[in-house]
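Here is the structure we will look at, set down as structure tokens.
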């Protein structure tokens with residue numbers, strides 16, 4: 001789209017000659033004009049409302065916002081992209097959520113009777129891995145915006161493959177902090193986030209359905225992978241099991257090549273036709289303006305406050321079952337229950353959230369945190385394995401509720417324009433409690449000899465975080481009322497200024513007319 005000043009100028013030889021020739025007579029009030037099919041409002045100038053010139057929009061490299069994004073095809077190659085994103089979601093979070101099985105195997109392989117902090121040290125491997133997936137999210141969103149989904153996803157899967165493969169050659173627990181906890185997790189983060197962004201390129205009307213199918217991938221892998229890992233560890237040991245998991249990452253590496261972008265990234269926009277890439281301003285790369293929204297600030301700090309005990313059951317539940325019931329029960333069934341009901345919860349509460357208006361959707365997260373905290377506190381009270389299964393069923397159900405409505409709440413609080421980085425900042429803040437929680441639970445287990453106190457304390461943060469989130473709908477409504485009042489005040493002031501200007505112009509025009517009539 002051409003600049004406003006160029007649109008208001010006459011077209012010269014190519015335009016209407018009458019339009020370029022000044023017409024004698026007193027200057028009348030400018031009438032509304034139409035140009036290129038768009039509607040002009042009375043009163044021209046750079047502050048006037050401008051129509052979209054459809055012919056000029058794509059040919060303006062200086063104004064990236066002027067080129068309209070292509071309409072999503074709602075299918076076609078998008079179905080292949082959806083399957084690739086589903087595999088990515090399943091491979092990344094299937095391995096992360098099955099960390100309890102790997103945790104027990106690491107205790108056996110690297111453990112010794114002399115080490116009194118073995119559980120604490122081993123818990124750092126899984127908690128670092130899950131925490132780094134979220135910690136890298138703000139960085140990944142910037143790289144995805146700069147270089148596109150395909151490059152970031154492919155490089156991320158390659159890095160994750162190298163990290164997982166190198167983890168299968170260590171002989172002590174300490175190198176796993178880097179190979180599995182940092183290198184593998186960073187690769188997973190860089191491969192995961194583009195799989196969510198690319199879906200918006202291909203789907204709009206069916207985006208809800210596609211997101212549901214993609215996120216169901218993690219539930220499918222969480223249900224099936226613990227049993228597969230148990231069979232592999234018992235038959236070919238931990239090292240070869242990690243090498244088998246590298247196959248999932250290699251398929252993820254190939255799946256990244258399917259992310260054919262339909263919307264140009266920042267590199268393409270800034271480079272233009274010359275092919276030179278110049279970094280955009282820092283304000284465009286990191287949009288910290290979302291923190292000016294009070295309701296988002298409360299949400300962005302209330303959610304992490306609730307997650308200090310969130311990841312504790314995923315890491316320590318398998319070992320707790322072994323301590324409580326021995327080898328007589330199949331502890332993998334608990335992860336199966338968590339995975340199944342988490343998938344069901346995402347489908348049910350995602351649909352329920354569509355009927356809850358505005359920021360009141362936050363009450364679903366309040367309820368989910370209340371039940372997650374309550375179920376965590378009930379784990380030590382379960383002296384029968386069947387009761388523990390029931391607890392995991394409810395915990396998985398409300399875990400799915402918490403996850404599925406994060407994006408809709410972000411849309412309500414900051415709007416569609418800033419939602420990408422708003423979610424990225426939130427996931428980055430979530431990484432801190434999810435990394436710290438499991439090692440603290442492991443330290444309590446080493447000191448006290450039981451997980452009871454650890455699970456009791458793990459249920460407290462969700463209750464506190466849920467109480468903080470209760471204030472968000474009230475704060476958000478007050479913000480909306482203030483925003484509605486601002487335009488009204490601005491319009492009344494503008495009208496008063498216009499009335500004053502018309503009065504001044506009338507008083508100055510009268511002496512001029514009298515002077516003209518005298519001549």
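Cβ atoms here come from the backbone N, Cα and C positions, even for glycine.
Taken verbatim from TrEMBL:
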- 485-498: compositional bias 'Basic and acidic residues' (COMPBIAS)
- 507-519: compositional bias 'Basic and acidic residues' (COMPBIAS)
- 290-519: domain 'Major facilitator superfamily (MFS) profile' (DOMAIN)
- 1-72: region 'Disordered' (REGION)
- 485-519: region 'Disordered' (REGION)
- 77-103: transmembrane segment (TRANSMEM)
- 123-143: transmembrane segment (TRANSMEM)
- 152-171: transmembrane segment (TRANSMEM)
- 177-200: transmembrane segment (TRANSMEM)
- 207-229: transmembrane segment (TRANSMEM)
- 241-259: transmembrane segment (TRANSMEM)
- 294-313: transmembrane segment (TRANSMEM)
- 333-350: transmembrane segment (TRANSMEM)
- 362-381: transmembrane segment (TRANSMEM)
- 387-411: transmembrane segment (TRANSMEM)
- 423-441: transmembrane segment (TRANSMEM)
- 453-475: transmembrane segment (TRANSMEM)
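The stretch from 77-103, 123-143, 362-381, 387-411, 453-475 that makes the most Cβ contacts under 8 Å with the transmembrane segment (241-259) is 77-103.
Residues 92, 96, 99-100, 102-103, 106, 152, 156, 173, 176-177, 180-182, 184-186, 188-190, 192-194, 285-286, 311, 314-316, 420-421, 423-425, 427-428, 430-432, 434-439, 441-442 of the same chain sit 6 or more residues outside the transmembrane segment (123-143) yet have a Cβ under 8 Å from a Cβ within it. Nonlocal intrachain contacts for the transmembrane segment (177-200), taken as residues 6+ away from its ends with a CB within less than 8 angstroms of a stretch CB, comprise 72, 78, 81-82, 84-85, 88-89, 92, 95-96, 124-137, 140-141, 143-144, 149-150, 152-153, 155-164, 166-167, 170, 207, 210-211, 214, 249, 252, 256, 259, 261, 420, 424.
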